[in-house]
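Worksheet for the structure shown next.
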Amino acid sequence: MKKNKIVFIFGPTAVGKSDILFNFPKGIAEVINVDSIQVYKEFDIASCKPSVELRSHIKHHLVDFLEPIEEYNLGVFYKEASKIIKNLRDQDKLPVFVGGSAFYFKHLQYGLPSTPPVSSEIRFYVNSLFTTRGKDYLLEELKRVDFERYESISENDIYRIRRSLEVYYQTGIPISQFLKKGQMIEDVLAIGLKRPMEEMRSRIISRVGNMIDCGLLEEIKSLLGKGYDETTPAFKGIGYREFLLWKSRPYSMLNDIIDLIVKNSFLYVKRQMTFFDKIPNVLWFHPDDDLRDILDLIFV
């Protein structure tokens, strides 16, 4: 197995990514989750988190590590993933990124976008800090969150000081990391999984039915009872957000909610495949028919 290789295994929701991992040999690789909802504690069933059995077979990172009220974005993912890659390489273990968030895969391999957009709320917040606490406070804050940037700009360059803090508060990543060049990961084995769309539709219907059988309704009631609502970042996931309609319209039939989850899931699959098809140098497989070829590619 080639040293310093990184493996991507991606594909749409319900394609069967987790099933392949049960066939991995123990102790050689660890999985880094590339999903924006499985990161949250308590949101278990509709997010289709890897099972206890799978996580005992192969270690998973970036699962169940955030509170539901915390924001998760590309910046947090990139920062955490970069640390995990280094740690696994130090242990001579293979990093295997598995999930369906194409945007995260793209920027992990090709680097972060050159300075990301910042919301008007963040700009207002930084401006209020400048107005109420002054330039010296902003300088100390920049020194704390991005010492490299702090050392590289003039203490009188208030525009760049403010911009640097805006980017950090928006993404959780120092602007100095965005400005660096040559961060592309070269040695990536990108494996894509796909099935015919009718097969995907059937699998989604089955998966949503299994969610209900496994207690999704009870999980939703428990989450709402704890005060989580439409402002909770974790509730943006498919399978959760649809039940917010049920909360606001209790006369809605459960079957209508289930149908909406199936519809939204299938539309999401189509969007995922549109994005994945644009990623170059991907080796595409059917997860059932080509399992042996996939394992040979990864571990030989």
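Yeah, the Cβs are placed from backbone N, Cα and C, and that goes for glycine too.
Per Swiss-Prot, the stretch carrying the note region 'Interaction with substrate tRNA' among 35-38, 55-58, 271-274 is 35-38. Packing against the region 'Interaction with substrate tRNA' (35-38) from elsewhere in the chain are residues 46-50, 62-64, 72, 99-101, 104, 234, 236-237, 240: each is 6 or more residues past its ends and has a CB under 8 Å from a CB in it. Secondary structure of the region 'Interaction with substrate tRNA' (35-38), assigned with DSSP and counted as helix (H, G, I), strand (E, B) and coil, comes to 0 helix, 0 strand, 4 coil. On the 0 to 100 pLDDT scale, the model's mean across the region 'Interaction with substrate tRNA' (35-38) is 96. Neighbour counts were taken as the number of other C-beta atoms within 10 angstroms of each residue's C-beta; across the binding-site residues GLY11, PRO12, GLY16, the minimum falls on GLY16.
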